[in-house]
Each structure stands twice: as C-alpha cells, then as structure tokens.
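K.L.:
What TrEMBL records for this protein is below:
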{"type": "DOMAIN", "residues": "16-87", "note": "domain 'J'"}
{"type": "REGION", "residues": "162-195", "note": "region 'Disordered'"}
{"type": "REPEAT", "residues": "197-230", "note": "repeat 'TPR'"}
{"type": "REPEAT", "residues": "231-264", "note": "repeat 'TPR'"}
{"type": "REGION", "residues": "276-316", "note": "region 'Disordered'"}
{"type": "COMPBIAS", "residues": "280-291", "note": "compositional bias 'Polar residues'"}
{"type": "COMPBIAS", "residues": "302-316", "note": "compositional bias 'Gly residues'"}
C-alpha cells in the first residue's frame, strides 16, 4: 500500500515528517519522542482504534511507512539538522513563488493573515494532534492539512528557522557512476529492518557499553512503553538498575522477565544472586509495572564483589 499526499509541502516533492507526527517545525527532540510514542501506542494492534483486521493492517502500514520514518529522520541530530536546513531554504523559495502557492483549508488561509503567527500556528497544531489518528481513513487528509499550516508558517517566518549543518560524512554516490557489474559480485539481500523497540534496545546496549546508564534506562523505559511484555527489555533494564545499585528495582524487572520468559538467560543468571544479596527467597511474581522513585539501594556486594564483573570490569 502506498500513500499519496499532494497538498502542503508534499506538493513540492517533499516529505513533511513534521506533518506526519503533527508537531511544529521547531519542535525539540523531547517533544518529538513524546509525540512519536503516543502515536505508536495508538496504532498498536491491541489499540481500540484498530478494531477490524483491515484497520489493523492500515494502522501497521501507517506506522511502518509514515510514522517510523518520520521519527527516524527527526530524532537523529545530524539528520534533523540537515532536514531543518532544507525546510528553511524551502521557506525562502516559497516566498519568491508565493503567487503560485495554493491553500485549500480555511485554517491555512487564516494563518496566512494571523497577526500572532506563532501562537496561532502552534495552537492549531496542538489541537489537530489531539485527534490526528483517531480515524485512520482520514489520516492522510489531516496530514495534508497540517502540511499546509507548515507551508504557511515557513513562508511567513522565512529565514528564522535555522539549524547547524550536520558534520561531514562520507557519501556514497550511487547515481552518478555505474559499477562494473562484470567484476562486482551480486549485492546481498537487504537486511531486515529493526522494529522500533529493537532500535531502542540497540541504542540502550550501546549506552550500557559506554557506562551511560541513565541514558540507557530512558531508552529501555521508552521501549517498555511500547512493549511492556518484552522480557529482553526487562532483563536489560534490570541490569541497568543493578549497575546503579538499585537492587530492588532490578529484582522487580528480573521477576517480570522470568514471568514472561522462564528461560531468559540474563534473568536466570542474576536473579538468584539479587535474592541472596537482599536476603530473600527466589520468587515467581506477576508481571508488574514498578514506580521508579529514583531511590537507590546499597550494593551489598562492594565494587569488587558479587556484581563487580557485570560489565566486563568497566568502572562507572
């Protein structure tokens, strides 16, 4: 299934990722992530808006082809900076071509003449976001409406939207030169794209390797919001709590991991040791959602004892 939108910025062969997420074009990373998680949860197969099989399929298509790519583009620092730079340039170009710009919605026409453009624009975006994905059949029309607002805002604030250019990176030019196919082996099949939760987990594991446990915990908490019954996420966040000396929180998540997957190797390895450190007998509780109050439990093992070698001898 392909989605075609021909209004707003989409009319200029441009994918308006801000319109897909229904966020202002100057939204920061925190707001982008918050909005993405809300949309992803609403499009989850168990969501009430995906009652029928056809709606579940449509929701999955919207998530994989529009929402996930939008988040990937806007959540990365370098990619977002480059994207914002293009938006700024497009705004200046549209000002020069204003005579040919067409507005189809009353809201966009009102924004074009609004005295307080920032307030009107952001209020309109916030109001539309409340119901953007309530009716899956109307999503494309809503995205088009938001993109028209973005178009008008860019024209009226041309030159104000800016971002630092991304760092220079090697670029593979696949268009200007053709490879010598006679001496080139066949290209391997494209790797399967990771799910959103897998991307969270991968980032968390990288952060854990760097001893950046606070950031890793945020990634895993976001992953668990999307998949609260993911045993691997529970095991990893338990390891993070363990490294932060929060043994009770670690125990809760190891319990959850084993409840969901009795063969989870990480939980099987460390849960008995935590029970011993806490002076408790091993248990098999129900999956729970702990309230992380930030309280730390003392590490009864010492830096070189029971948990000292957990991360290969790395020190915090």
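Our numbering is plain: 1 for the first residue shown, then up by one each step along the chain.
Every residue gets a Cβ built from N, Cα and C, even glycine.
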K.L.:
Check the repeat 'TPR' (231-264) for me and report the mean pLDDT.
P.N.:
90
K.L.:
Could you tell me how many residues in the repeat 'TPR' (197-230) are helical, how many are strand and how many are coil under DSSP?
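P.N.:
Helix/strand/coil tally for the repeat 'TPR' (197-230): 27 helix, 0 strand, 7 coil.
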K.L.:
Sort the residues of the domain 'J' (16-87) into helix, strand and coil with DSSP and give the three counts.
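P.N.:
With helix first, then strand, then coil, the domain 'J' (16-87) has 53 helix, 0 strand, 19 coil.
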K.L.:
In the repeat 'TPR' (231-264), how many residues does DSSP put in helix, strand and coil?
P.N.:
27 helix, 0 strand, 7 coil
